[in-house]
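S.K.: Got a structure for you, written out below as structure tokens; questions coming shortly.
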Amino acid sequence: MLNLYFSLRLKLLLPTRQSSALLHTHDCTIPSPPLTKQAFTSLLKSSSSHPNQLKQIHALLTTTGLSIKNSLITQLLTSFILLGDMTYARRLFDEMHKPRSFLWNNLIKGYVKNNLSIEATAIFGQMQRIGVHPDQFTFPFVLKACAELDDLWGGVEVHAHVVKFGLDFDAIVRTELMIMYVKFGELVSAEYLFESMTLRDLVAWNALIAAYVQTGHAGKAIWRFRQMGSAGIKPDSVTIVGALSACAHLGCLEIGKQIDQFVIDEGLESNVFVNNARLDMYAKCGNMDMARSLFNKISQRNVISWSTIIGGYAINGESEKALDLFSKMEDEGVQPNHVTFLGVLSACSHAGLVSKGKNYFEYMAWSEDRNIQPRIEHYACMVDLLGRSGHLEEAYDFIKSMPIEPDSGVWGALLGACTIHQNIVLGPYVADVLFDLAPETASYHVLLSNMYAAAERWDDVEKVRRRMRKKGMKKIAAYSSVESNSEIHVFHGGDRLHPQSESIYKVLEELIKQMKGIGYVPKTSAVLHDVEMEEKEVTLSTHSEKLAIAFGLISVRPEYPIRVLKNLRICDDCHTFSKFVSRITKREIIVRDKHRFHHFNDGVCSCKDFW
DNA sequence: TTAGGGTTAG
């Protein structure tokens, strides 16, 4: 410390460029000159990215008792905020006498940028208590913090302050307010703010579109994107990323292709965000050939590009290609991250590559230079891999040996595996764990009830259902959608809401008759009610994906595949049904369910009936 | 002396 003290003093006397060389060579006592503000400032500048040096400067500053201290502490504080050391930044802040309001703002910004939203809102509260006026620079970050904390009432209160300080028509504050309400799911409020904006600029449109996509309202995002075009506002790369991401969510290949053409026409092909969004759109629309040729074409690729394409192959069931690309990625010197490994593990999982998956898991965690600690999602992936391939006991032991507390995702993977393998002993036990962990989640109850139904244990089915009723739980309604002529058509089980319903049901009836002739037997165990056989068949024959496929057959041009998106997992019977349809009609049917793709061609599914 | 929008998974 003593040596450093003199080093610093020496540095302060010398121009910055020479000082670092001298820092290492000096070894004698230096006479102590007066320290000037300029000298401190230049030292702070040259040390701004070295926290330890900054801390030592702070110590030195404390001993000097300079009258210029406040402004120097301000500089130190700014450096620590930029470095993300909010603990030290706070210590400096608390040392200051009456910090100016921009410092309050900076501190809040620092907290928000470092995911410390509670601290950010606490500082805002402190500002109010001691009467520091917030301004247009304060609110955007406080609103972000409220959104992050999912604190609706806190957010509404801040909104009231925004109005009180006359800032509700400030474009930036208003945009942040709007984003916050979308994130709360308060779309009406968000839309009101958007519609009544005096200056509805490109950023406001982009913010709304992106927020819609991020909160699962991809359809609304597409609607706004089209509206934006009609309003004569030209999209930029940020708009495009949002719109493509919406297409990826919805599996809309036609709209996605149109946007892709816009990217080419407008010369946005060099933007890495845009290209990654394009890759993801093709992958999530089940078109890996397009995704791959694009991937080969783009010059600038980052870890997200690689993770996207690897994950794309994984969900499309092309595990070998996913794993090949992973080694190519490493050959090219691109460091995989934890998301890349999720793709790799899921590729193994979807193909039942148990020992390979285990190797990758070890490889990820224990290689010294990589040192990516497995997160809860990786553990869930491993449980899925082991469980799905039938190693239920091992999966259970794996959970028991986890160094972190398993969450509902991990146990949920095991419950899913128990359902697939009809393990009626382990299944109910795992379900009980889940009912404690996530009492409000209906899907775990549904899985258990499915398991009992398949075992024809109707009393137990009824028990589970009673429990669900008691808790006011409702199953998530299953739906399937098909894109035709750039429009999205949505179907629910048994519904007749579509204008072409009559033809759809006629096609369906005809198909089933033909299929039965060549060996199709409806798997009535997929229907959970304890009802008569015939009624079971009727319910089964009108599952949403069957309606969607039937509609696809009459509306999608024959040279194109029929692309169906389902919000839940495809059921056994619909899987068999789709195989038969692809064989009879010679049409390619692509179904994207909650977890992965099924490409049906001439009676065979790409998942090899393992899903 | 500061402020708004973007990609992978979950």
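Cβ from N, Cα, C; glycine included.
Reproduced below are the annotations present in TrEMBL:
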type	residues	note
DOMAIN	A:519-611	domain 'DYW'
REPEAT	A:100-134	repeat 'PPR'
REPEAT	A:201-235	repeat 'PPR'
REPEAT	A:302-336	repeat 'PPR'
S.K.: Please compute the mean pLDDT of the model over the repeat 'PPR' (A:100-134).
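M.R.: Looking only at the repeat 'PPR' (A:100-134), pLDDT averages out to 95.
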S.K.: Work out, from DSSP, the number of helix, strand and coil residues along the domain 'DYW' (A:519-611).
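M.R.: Here the numbers are 38 helix, 16 strand, 39 coil.
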S.K.: Counting only residues 6 or more past its boundaries, what in the same chain has a CB within less than 8 Å of a CB in the repeat 'PPR' (A:100-134)?
M.R.: 74, 77-78, 81, 84, 86, 89-90, 93, 141-142, 144-146, 148-149, 151, 154, 158, 161, 165
S.K.: When DSSP states are grouped into helix, strand and coil, how many residues of the repeat 'PPR' (A:302-336) land in each?
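M.R.: Breakdown, helix to coil: 26 helix, 0 strand, 9 coil.
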